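Asks: Encoded as structure tokens, here's the structure I'll be asking about.
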Amino acid sequence: MRGSPLFLCLFSMSCCVNPMLTAGDKIFHLGACRVSMSMTEIRAGFSAIKANIQSRDPLRSLSILSHPHSLHKVKVGDRCCITHHLFTFYVDKVFKHCRTEDSFVNRKISSIANSFLSARRKLGQCREQNNCVCGEESTEKFKQILANYEGLNVTSAAMKSLGELDILLDWMEKAR
């Protein structure tokens, strides 16, 4: 027990230094903005429902996020903007239309939606300080994603977008 006071002191200091991060949180540098998200929690929730959601997708040959170059080669300065747009897209268009008869799936969707809502709020604060500028290229990429989405009926598009969530998560982690 001799090391206990030292451990307690170091642990307390680490909690004070960064009280906002919890286990599994990752900080994403999105241009001039930073946001922390629990990718472990989001990925675990998505993994638990991925097969169920993707089985509801009748149009497997089409993609919303993977359309050629949709997220490919986004400039560093545009990452904040396109990520904010994508979080808004998922919160306002996708999660709202992804209700199933399975309460477990609905709870997982709700949990992921809450994580996105929180991250969107943080990015919104950064945008308000003019640190998150939208370049023409990122605006065009997002318009393409919207066009892909709007080309389908609402429920199919929402389920397809949710089924492609791992594409967005992978892109965020690579761009980190």
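Backbone N, Cα and C atoms are what each Cβ position is placed from, and that goes for glycine too.
These figures come from a predicted structure and were not determined experimentally.
Annotations for this protein, taken from TrEMBL, read as follows:
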SIGNAL    1-24  signal peptide
DISULFID  Cys33-Cys126  disulfide bond
DISULFID  Cys80-Cys132  disulfide bond
DISULFID  Cys81-Cys134  disulfide bond
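Context for these features, please: burial, neighbours, distances.
Replies: Listed in sequence order, Cys80, Lys122, Leu123, Cys126, Arg127, Asn131, Cys132 are the same-chain residues six or more apart from Cys33 (disulfide bond) with CB atoms under 8 A from its CB.
Counting only same-chain residues at least 6 apart in sequence, those with a Cβ under 8 Å from the Cβ of Cys81 (disulfide bond) are Gly31, Arg127, Cys132, Val133, Cys134, Gly135, Ser138, Thr139.
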Asks: If you draw a 10 Å sphere on the Cβ of Cys134 (disulfide bond), how many other Cβ atoms land inside?
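Replies: Excluding its own Cβ, Cys134 (disulfide bond) sees 16 Cβ atoms within 10 Å.
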Asks: Would you identify the secondary structure of Cys33 (disulfide bond) according to DSSP, in three states?
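Replies: DSSP assigns Cys33 (disulfide bond) to strand.
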Asks: Please identify, from the disulfide-bonded residues Cys126, Cys132, the residue with the sparsest Cβ neighbourhood, meaning fewest other Cβ atoms within 10 angstroms.
Replies: Cys126
